[in-house]
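Database features (TrEMBL):
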BINDING   ARG193, 213-216, 281-283, GLN287, 340-343, ARG520, 531-532  substrate binding site
BINDING   GLU209, LYS379, 433-442, TYR444, 469-472, GLU495, LYS522, GLU528  ATP binding site
BINDING   GLU209, ASN211, GLU437  Mg(2+) binding site
DOMAIN    271-375  domain 'Glutathione synthase substrate-binding'
Amino acid sequence: MGSGCSSLSYSSSSTCSATVFSISSPPSSSSSLKLNPSSFLFQNPKTLRNQPPLRCGRSFKMESQKPIFDLEKLDDEFVQKLVYDALVWSSLHGLVVGDKTYQKSGNVPGVGLMHAPIALLPTGFPEAYWKQACDVTPLFNELIDRVSLDGKFLQDSLSRTKKVDVFTSRLLDIHSKMLERNKKEDIRLGLHRFDYMLDEETNSLLQIEMNTISCSFPGLSRLVSQLHQSLLRSYGDQIGIDSERVPINTSTIQFADALAKAWLEYSNPRAVVMVIVQPEERNMYDQHLLSSILREKYPLLSCFFGFQGKTLAEVEKEGSVQEDETLIVGGQAVAVVYFRSGYTPNDHPSESEWNARLLIEESSAVKCPSIAYHLTGSKKIQQELAKPGVLERFLDNKEDIAKLRKCFAGLWSLDDSEIVKQAIEKPGLFVMKPQREGGGNNIYGDDVRENLLRLQKEGEEGNAAYILMQRIFPKVSNMFLVREGVYHKHQAISELGVYGAYLRSKDKVIVNEQSGYLMRTKIASSDEGGVAAGFGVLDSIYLN
């Protein structure tokens with residue numbers, strides 16, 4: 001969330017401190033900042049010196065966004081009724097996660113269920129920016145595919161990062177082996193998510209990051225949209241908003257369609273789709289919702305079509321690659337490998353997991369993502385793509401390039417001494433990002449200054465482990481956030497994630513489309529926004 005965490009997860013803990021069904025006083029929040037990545041900042045970073053002194057995190061003062069409804073007019077009794085109906089709906093429709101207080105909730109379906117953290121009502125979002133985010137999604141899908149085919153660009157761009165980041169180094173080693181073998185991925189499947197925030201000062205939709213592996217919540221995000229539509233159909237007249245302004249969210253259906261089409265392209269009716277999962281997965285219901293759609297929409301394939309979950313360790317133990325490069329796991333041929341794990345060092349605690357990743361890459365199975373797609377989504381590659389002239393290496397259409405570049409926030413290498421100097425002077429204008437996914441890894445506020453000074457003392461080698469990003473300051477709305485059956489009123493900010501599906505077989509593009517959305521909302525005073533860490537909630541959008 002924010003300029004940082006783009007991975008949404010969940011937890012039974014919460015940073016909210018309001019009393020049960022009471023209204024807590026809103027925390028102080030963020031600032032008026034003037035950073036425009038598409039104009040002067042790229043051309044003249046010295047202009048940052050003219051900005052007023054800032055303090056970070058909870059000391060920022062942010063102007064509130066005009067709400068789509070007036071929360072003050074909703075009394076406690078009415079809001080409690082909304083909460084009750086929302087919890088009933090969530091329980092009946094599978095808008096649930098595993099409760100970590102139950103030991104088996106991450107392994108055994110149906111044990112220790114609780115509703116997913118949610119916003120009680122949708123968040124207002126300008127329709128023009130919604131359309132912009134949807135329109136550029138196929139362009140970003142195509143960009144990822146083209147970058148993934150340029151092995152030299154990936155290896156060169158990440159060469160210094162490899163020296164200081166073991167995880168990235170291991171991924172690059174696998175990628176290098178595939179290049180040496182001239183391994184071709186004729187069928188390429190990407191299930192992506194592109195995360196954005198509306199920057200208050202520049203009035204721009206700015207991209208936080210591209211996600212190419214384990215883009216979670218296509219299942220639960222669809223349900224949140226349906227929940228909000230249901231509540232507004234029942235109570236919209238009393239609140240004063242229309243359920244039709246919540247966009248239909250087809251994320252689960254479109255992801256399922258892309259997986260099924262990849263399976264069909266593989267042309268082995270006895271092969272299965274295999275999901276790479278974590279050993280403890282309390283978000284399993286998001287995955288099961290996708291599996292359910294696959295089985296419902298493609299019943300003729302059900303006798304052959306599986307949606308099996310395996311950990312990387314299980315793949316290493318049970319897997320092999322035949323002479324024709326068919327991947328066999330547990331005696332079953334695998335057509336598509338869909339990663340919902342494998343994006344952090346924690347997912348690779350031993351050599352078994354790395355052996356499994358290499359085994360998968362050596363096979364003919366369709367990987368979602370391939371190792372090249374995975375690397376393309378890294379922070380460093382995103383920073384390289386933001387450099388002047390780099391998009392032109394991969395795209396020809398000038399109008400398309402302009403549309404993509406318009407979305408870019410400021411991204412810099414730590415080799416840029418002028419930007420580093422500005423970040424030390426005014427750390428509140430920047431976020432420091434390591435090459436990590438999953439949330440909770442970004443560095444904010446005074447910690448930016450401290451870490452930059454530390455790296456200067458240690459030498460330049462460590463610079464390659466991070467990038468600097470312009471910190472985005474979105475507008476604030478008063479929101480009701482619901483965790484563990486309790487609502488809290490907070491000043492909150494939101495992040496829009498737009499899903500994209502891309503499937504290519506050799507020269508033929510089979511799927512390239514925007515595929516639904518994920519809205520995430522968090523307390524405005526919080527730097528991070530991961531639901532797993534207890535900061536964020538699932539949300540939907542209300543077009544205004």
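Numbering starts at 1 and runs along the chain as it is shown here.
Using N, Cα and C of the backbone, Cβ positions are placed for all residues, glycine too.
Shown here: features listed in TrEMBL, placed on the structure.
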| residue | record | Cβ neighbours (10 Å) |
| --- | --- | --- |
| ARG193 | substrate binding site | 28 |
| GLU209 | ATP binding site | 24 |
| SER214 | substrate binding site | 24 |
| ARG282 | substrate binding site | 24 |
| GLN287 | substrate binding site | 19 |
| SER341 | substrate binding site | 21 |
| TYR343 | substrate binding site | 24 |
| TYR444 | ATP binding site | 20 |
| ARG471 | ATP binding site | 31 |
| LYS522 | ATP binding site | 31 |
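Note on proximity: of the binding-site residues ASN211, GLN287, TYR343, the one nearest LYS522 (ATP binding site) is ASN211, by Cα distance. Confidence across the domain 'Glutathione synthase substrate-binding' (271-375), taken as the mean pLDDT and rounded to a whole number, stands at 92. GLU437 (ATP binding site) and SER216 (substrate binding site) are 12 Å apart (CA-CA, integer value).
Summarised by DSSP class, the composition of the domain 'Glutathione synthase substrate-binding' (271-375) is 44 helix, 26 strand, 35 coil. Considering only the binding-site residues ARG193, ARG282, GLN287, SER341, ARG471 (ATP binding site) has ARG193 as its nearest partner by CA-CA distance. When the binding-site residues ARG193, ARG282, GLN287 are ranked by how far their Cα is from the Cα of GLU209 (ATP binding site), ARG193 comes first. All protein chains included, SER216 (substrate binding site) registers 22 other Cβ atoms within 10 Å of its own Cβ. Candidate binding-site residues: ASN211, PRO434, GLU437. Fewest other C-beta atoms within 10 angstroms, PRO434. Ranked by CA distance from PRO434 (ATP binding site), the binding-site residues ARG193, ASN211, ARG282, GLN287 have ASN211 at the top as the closest.
Checked against TYR343 (substrate binding site) by C-alpha proximity, the binding-site residues ASN211, GLU437, TYR444 yield GLU437 as the nearest.
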